[in-house]
Every structure is written in structure tokens, then in C-alpha cells.
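The structure appears right after this line, and notes come after that.
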Amino acid sequence: MTLLGWLIFLAPWGVAGAQLGRFWHISDLHLDPNYTVSKDPLQVCPSAGSQPVLNAGPWGDYLCDSPWALINSSLYAMKEIEPKPDFILWTGDDTPHVPNESLGEAAVLAIVERLTNLIKEVFPDTKVYAALGNHDFHPKNQFPAQSNRIYNQVAELWRPWLSNESYALFKRGAFYSEKLPGPSRAGRVVVLNTNLYYSNNEQTAGMADPGEQFRWLGDVLSNASRDGEMVYVIGHVPPGFFEKTQNKAWFRESFNEEYLKVIQKHHRVIAGQFFGHHHTDSFRMFYDNTGAPINVMFLTPGVTPWKTTLPGVVDGANNPGIRIFEYDRATLNLKDLVTYFLNLRQANVQETPRWEQEYRLTEAYQVPDASVSSMHTALTRIASEPHILQRYYVYNSVSYNHLTCEDSCRIEHVCAIQHVAFNTYATCLHGLGAKLVPGFLLILTLLPSLHVLEVL
């Protein structure tokens, strides 16, 4: 595969220095192996369900999951933009949105293997930290808290990326921890199986600590603190709430609370959290009990353009996105991120995939870096400045949806970004819905630990 005829617009890197490194984060590739440009709108892609796909193109459609051509182009665009990243984060969801009976265990494993082989082909010498998504199992979502065939088979597929200890851990529960590459050896990546906490997972309902992952995570973070390491935490299903509707949480509440406790206790060694699942571009702030910002989670957009069927979400498609982070190799401090995207409509018309820069975080939100304090400032601006809110809203769908983010939209996004806990999220929805007055959102953002009912 070559890039002949491709138009990829490269961005100048904003930070210079010997300690600056870069890494890719990709998520939610969702390959639909049966995608075809058919004259019959009901035969284009199984992932569209019963919806007719009227204008399918070679690079995909907003009603469908990714054709192979789209995923292939995304990986080769990554190689063209930054061929030698320090490492790659890959946070899962590889299979299409189709019923369980349309897949099966063998098909799930075949898709994971196909995408694994593509990444190895394009980046043969790059370390990859990979997590399973809720669609990377059969039946989907039903991840067990103990060893099983899929964990064992995926561990074999990912064996070149795993140490002996990680290989054994993955087979037990699909989570592991690895040192970061490079001479400093001052950091590590923790890969979580948060599918164990998913509210749709009946296998772990009623368990206090599925697979003892929380206990293990606490031990890893405590050891990192003792050893002077900083940590990146990655996974697929994030805690908190979906920002494109109201009251849609992913974790069971008890697991959500436990995750928050871990972050609050160990936030000083966590240099960043990186998740997917939403297909959208957003972030989540974490605060201590005094209201001080202590950590941030980045939600990377998906490669799949698939329009979600989640109740309450209006026109929930997105353009395909890929993301690169700039970081300090010595401290793991995040300096910036750049999101690249494919305008799918344009690509299908031109029959050429033009991956281009969508935005650079420091420029978009007028902040010095991608640190916790900077992301808190970004949230403040999103909450209080309409033009920044609108800019964020367009980026949230990877420049697919250019409609105006009105009051109800603002409530959904600000409360979801600011409040990962169930109780404070509910309070935020109530307060913002009842009291949308100038300055009120800014007060809420600057004082996140306050209960809205106390400031009314």
C-alpha cells in the first residue's frame, strides 16, 4: 500500500527539545468486513441494520462501520504523519455493530487478528499498548472475570507486545502493565479491562472487584509512587456519562465510585488517562474533595463513522479521527495533542482520502499545554464562552455536526466533562437546567465540588 495521490496536511509540531516524544492513540476501528458499495441500499453494510444506505462511497458511510479501505487508510496516514512514534495506544472495539448471532467467537478473533496484523505491518518496530473493547468478545459485553478462550487467543496475537508477566496477566483478566520504551525508564502504561465494569456486562454483576483488577491497580500505582514512576492509564469503556445525551452512564455505580477513589488516591502518579468507546472527541476532569483539579481523561474519537443508535442521541455520527500526543519523555507531562480527520463526504466525492489536521489543542483552547490545569481552563472556557463551546462541539463530532450547541446541549456536555461521579452529575443537570443565567456556568466550573443546590 502506498500513499500515491493522497493529500495529507501535516502540522508543525509546537514544542521542540530532545525530551519531546510523540505517541499515537487510536480507538474504535469497528471493521465491517462485509461493507460493499452496492446499488441495493439494504445490502451495503450489516452494521446499518435495517436502515437503507443511499449514498455509500468507497471510504464508508455515516450509517456504517468502517470498511477495510478506511481503516487501512487511517493507519497509513498515521505512518505518513509520524512514522516513528515512541509507542501507540490502541483502545479497542474492533468488530462491527451487528447482533451476536451475526458474528461468533471465531469471527471476533479473526477481526482482532486482522487489525493486529495491519498495525504490525505498518508499524513493525513500534511498541503497542492494546486494550480490548466491549465489542471484542462473544457475546459482546459479557467479559468474564477469569481466564477464557478469547483472552488466551488475544494474548497470543499480542505476544510480541507483552512481557512474560503481562502475557500471564492478560490471559487471566485482559489487563496488564508495561514499562514505557526509552532510556529514562521513568514511566509505564497501565492497560485496564474496564469492560468488567460495564453496566451491560451480566458476568460481573454483583461482584465487588471483578478479577481483582482494582486491587491490582492500586498495587501497581503504589509501586509506581515508591519507584518514582509516572503512569498512563488506558482502557476502552470510560467512567462517567456520555455527553451527547443525559444520564447515560457506562459503569455500574459501585464500580464508578471505586474508580474515582483510585484516581483521587493515586492521582499524583497518573500523568494521563486515555479512553475511547464514545466515538466522539471529549475529555473528563477529576477533582479532589476541595474542588481542585487533580487529573484528566482524554476520550479519543473513533475511526468508525457509524451513527449511534443510542436512545436520546440526535444524529450521532462522526468523521473518522486519529490523534497524536506530544509529551515530555522525562516526566510524561502532556504538552499537546493534534487530531487528524477524514471528511468522509468529501473523500467519497473525490475518491481520495484526504487526512488533514482538524485542530491542535493548545491553539483551539488557548492553553499552554495539555496538563490538568490547562484542561480545567479549557473546561472553564467551554462553559462560559459561547464561541469556545461551539468550537468544542464541532470537534466533538470530528467536524461532522456544525449545528449550534444550544442550552440543553451545553448542559449535557459541561456536566459530563466536569462530573464523573453519579451524584454530582445529577446535581449539575438539575442546577444548570434550572438556572441558566450568565456567569452561573462559570461559577460551577470554577467550584466543581460545590453542590448546585447550595449556591442557588
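Every residue, even glycine, has its Cβ placed from backbone N, Cα and C.
Of the listed candidates (HIS277, HIS278, HIS279), Swiss-Prot assigns HIS277 to the same Zn(2+) 2 site as ASP93, ASN134, HIS236.
Partner cysteine of CYS415, as given in Swiss-Prot, is CYS428 (from among CYS64, CYS405, CYS428, disulfide bond). Annotated pair CYS64 (disulfide bond) and HIS30 (Zn(2+) 1 binding site), C-alpha to C-alpha distance, rounded: 9 Å. For ASN134 (Zn(2+) 2 binding site), the nearest of the recorded positions by C-alpha distance turns out to be HIS279; the candidates were ASN164, ASN223, HIS279, CYS409. For the disulfide-bonded residues shown (CYS45, CYS64, CYS409, CYS428), fewest C-beta neighbours within 10 angstroms: CYS409. Spatial neighbours are here defined as Cα atoms within 10 angstroms of one another, and by that definition the neighbours of HIS277 (Zn(2+) 2 binding site) among the recorded positions ASP28, ASN72, ASP93, ASN100, CYS415, CYS428 are ASP28, ASP93. The shortest Cα-Cα distance between ASP28 (Zn(2+) 1 binding site) and any of the recorded positions ASN72, ASN223, CYS409, CYS428 is the one to ASN72.
Listed in chain order, the residues near the Zn(2+) 1 site other than ASP28, HIS30, ASP93, HIS279 are SER27, LEU29, ASP65, GLY133, HIS135, GLY276, HIS277, GLY302, VAL303, THR304, TRP306, each with its Cβ within 8 Å of the site Cβ centroid. Under the DSSP three-state reduction, HIS30 (Zn(2+) 1 binding site) is assigned to coil, being neither helix nor strand.
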